[in-house]
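Lifted from TrEMBL, the feature list:
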- B:20-41: transmembrane segment (TRANSMEM)
- B:357-385: transmembrane segment (TRANSMEM)
- B:422-444: transmembrane segment (TRANSMEM)
- B:456-478: transmembrane segment (TRANSMEM)
- B:498-531: transmembrane segment (TRANSMEM)
- B:543-564: transmembrane segment (TRANSMEM)
- B:598-620: transmembrane segment (TRANSMEM)
Amino acid sequence: MAAAVRLVLLVLLLLGPGVWGQAEPPRDSLREELVITPLPSGDVAATFQFRTRWDSELQREGVSHYRLFPKALGQLISKYSLRELHLSLTQGFWRTRYWGTPFLQAPSGAELWAWFQDSVTDVDESWKELSNVLSGIFCASLNFIDSTNTVTPTASFKPLGLANGTDHSFLRYAVLPREVVCTENLTPWKKLLPCSSKAGLSVLLKADRLFHTSYHSQAVHIRPVCRNARCTSVSWELRQTLSVVFDAFITGQGKKDWSLFRMFSRTLTEPCPLASESRVYVDITSSGQDNETLEVYPPPLTTYQDVILGTRKTYAVYDLLDAAVVSTSRSLNVQLKWKRPPENGYIHYQPAQDRMQPHLLEMLIQLPANSITKVSIQFERALLKWTEYTPDPNHGFYVSPSVLSALVPSVVAAKPGDWEESPLFNSLFPVSDGSSYFVRLYTEPLLVSLPTPDFSMPYNVVCLTCTVVAVCYGSFYNLLTRTFQIEEPRKGGLVKRLANLIRRARGVPPL
Amino acid sequence: MGLLSDPVRRRALARLVLRLNAPLCVLSYVAGIAWFLALAFPPLTQRTYMSENAMGSTMVEEHFAGGDRARSLARDFAAHRRKSGALPVAWLERTMRSVGLEVYTQSFSRKLPFPDETHERYMVSGINVYGILRAPRAASTESLVLTVPCGPDSTNSQAVGLMLALAAHFRGQIYWAKDIIFLVTEHDLLGTEAWLEAYHDVNVTGMQSSPLQGRAGAIQAAVALELSSDVVTSLDVAVEGLNGQLPNLDLLNLFQTFCQKGGLLCTLQGKLQPQDWTSIDGPLQSVQTLLLMVLQQASGRPHGAHGLFLRYRVEALTLRGINSFRQYKYDLVAVGKALEGMFRKLNHLLERLHQSFFFYLLPALSRFVSIGLYMPAAGFLLLVLGLKALELWMQLHEAGVGPEEAGGTSGSSPPYPPTQGVGLASLVAPLLVSQAMGLALYVLPVLGQHVAAQHFPVAEAEAVVLTLLAIYAAGLALPHNTHRVVSTQAPDRGWMALKLVALIYLALQLACITLTNFSLGFLLAASMVPAAAVTKPSGPRPLYAALLVLTSPAASLLGSLFLWRELQEAPLSLAEGWQLFLAALAQGVLEHHTYGALLFPLLALGLYPCWLLFWNVLFWK
């Protein structure tokens, strides 16, 4: 191995230092993408994806030079021998019934799941350290992840990237439904971007607009991918995604029109100079069907058609690297106007241990068409130890959302294209063939109110009641069960007792 | 307790209790009644105050201005309703969707145990419509409910209009942290019950309903609205729920805050707040309000659609628009602003309402009596039963020894050992017979309605009520049958033992009732205790019998009805009273079956058999 490396070096040296900088393509690349989808309910969803790919094996080589890939995350991967890392921070809930299937849904609150390498000996310890480090990087309370809310799913959460074996003992999954997401989490997330929020699509990431939405979800996905088509070596991929849903009803006064400026209060002026690809996709599928009720301005130069989530979609594509797009108008402000208002299964159950681990119920079921499946879990409300109550016990206690992962048969067969070339929003989940697509849905977290003692004056009430009951019960029981009789007090004191002692010693009956 | 375990002092105390028993009982009873009446006067009533921090300090501004919209929506709703003859579901769905809500419907059906003549319904089926305003960036874990129950006639259409206008206004705001459910139920409370059961995925009353498609997490608070005119002179607030449950006092405080802020005229039990607490008029008026509340709470019926929410630990109250002949009137904007303010403050809640009182009495809207202050009133009444029971116990144990010489010779044993003397075995028969009577009273009327309707020319509802009364009256004939079954050597000891058991039984029942529903417990205690205390087989029997009959549970109900109408300044004639009494009996049975009200089984299975025991004592031979 060492000899081979030396040989490569030698060849490179022979090629000469002049060629060094230009000839070898940079080993990392950045693609950025924004997808704007008008939702069936009239709201507008915007999904940002920033993908940094690095052709280097982080774990084998002692990497110290970072260019586009954030150093904080790179070091994390090598230190904790991570194979995959998925972290999402979400505020709000994706309403599938009204908004359709999401590209990528996340549960409300914080969700973290990670696969560790086979070489890790103490997975739990690494997991604990990892969550603490991530807590610092993203300013989130991920340090509250401990054994009581961590599970090891056996059927779901397979690795999304390149994987040799799937031994589930190296997987950890945790959700914190109470986590509140705000600008303090967005800022560190933006700092991981190569262009930060200075240029490219990321200028649109203005916190006050992003948190003025119905749904806000930001995520970080790290996974190994194939470096080339034959998959001879491994590259690392970092995807930063951010999805927001703008409430068209409030902002648009009932109209469905939108523009980039109205949504983000910014327009796109220049691409990120570090990006190799920078595109805006606008879903214009309905324009062909609804008798041209929809008009996109400026008119797109190209369109893109593909089968997305089982249906055929058409997207207008704006390539920011294409000089024509930006130079004609100095800034790109995409607008859209509506001319007219428009059975055999697998069940894995791992019971909880009090204060040690949570319940885990996994079911693999085949759902019949047009049916409603109800999974109900019976539970008992119990009193906690009094130090275990949160400061706001009457708010209730959260039960993490349940997760539904499904491989849904596609209505229209998709043609298997080049994975590396397809848009980012279409390449998050690995697809085996075109006949089905993968979705993962989450339910709402559940708020359960447990029996709560009155914390305002626990001692008064508990102590007084117990005392009164004890005293009364004891005394009344005594009075009711005993009979009292008067006994004449014995005559004679010390002298008589002494005399009796002497008489006993003498063997004479006492007085 | 050392006092009682010392035999000498114990005997002295026993003698005192025996000798002063009658005056002590009278004193205790009078003290109980007087204490209760004193609850309406200032030292015992306190001003209400907001305990919940999240709702107290911050004031909100109300911007609702959709009065015209509310009126036109109400007109449309009423027109559609008249046209279709039922709830215009399609129109409601369309309107709710157009204001930007997620809309769902729920169909339900229920066959009542017997025809409800008051509301004229038997086989009920209807559709509830509800729209959910989803709070942005919230995961649907908590919600608030604004509900409008619609009855069979086209009342309450203004409430629907106002609710829809409020929904449109709320939808445009961005500050919501909890989802808001706007619920229109058909067949008023039946629809509410069906919706609540489906929402919490339980079935407690045998309602058939379709499952709900849309949910919004744990409901934190609910407001029911009843409005039948475009303008109101005052808003009446109702708090009494099913089985006398009350919402947290903070919810009422919240309503009162916005009444004051908006300058609205607000009433409780239809009575205005007394202004002048220094003269006698103010407290007298508050005594009336207090009595009305006690009667209302004791009835155990939900005093509005909110009453059913309380069972699921959802704090709720009903607002009723009253349009009387008063000069100054408020339009829908004023009512809407009060509601907007309440919802905005409830939206601030971080925890469920729990800081303030759950047990209270209200002599006025801004005054309350806390549980610590009203409990002694019931305590004094129950003390009478305790004293009487103590007297009987002592007499039974020292039978054969005269009370004056009981303290004297301690060595002389009584003729019968105490356990043998009480003769518990002889009590089994009367106890079983009276309990069986109670069971028959509970089961037979509904079970045998068809048989009764076939054999007698009456409708099912009448059959139920008449069977109820017949079984009730038949219970009075029982002692003549039981005394032959029971044979004891000492007849005097027999009735004493029976009365002792009956007294303890009654005291236990009343104490338990008082703890959960003070009003019911107090009313029953006030009426039943004197007769129970004085009843004995010797003495003026006809007088005792009359007293017992007058204070039996059914007679108490009749008396309560007269008192209630008297306090409402709508006195009843005897015939009207009797009709109302029959209707109340039917409603009581129906509400037990449809909503799970507990008054009927409580009276039939608990207090009526207990009362029969006293009747048994009276006619002991």
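A Cβ is built for glycine as well, from the same backbone N, Cα and C atoms used for every other residue.
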Selected stretch (most C-beta pairs under 8 A with the transmembrane segment (B:422-444)) from B:20-41, B:357-385, B:498-531: B:498-531
Any contact, the transmembrane segment (B:357-385) to the transmembrane segment (B:543-564), with at least 3 Cβ pairs under 8 A: no
Positions on the same chain near the transmembrane segment (B:20-41), where near means CB under 8 A and six or more residues out: 283-284, 286-287, 289-290, 361, 363, 369, 373-374, 376-381, 383-384, 387-388, 391, 522, 525-526, 529-530, 533
Long-range neighbours of the transmembrane segment (B:456-478), counting only residues six or more past its ends (CB under 8 A): 114-117, 433-434, 437, 440-441, 444-446, 448-450, 549, 554, 582, 585-586, 589, 608, 612, 615-616
Distal contacts, the transmembrane segment (B:543-564) - CB-CB under 8 A, six or more residues away: 291-292, 295-296, 298-299, 469, 472, 476, 523-524, 527-528, 530-531, 534-536, 571-572, 577, 580-581, 584-585, 603, 607-608, 611, 614-615, 618
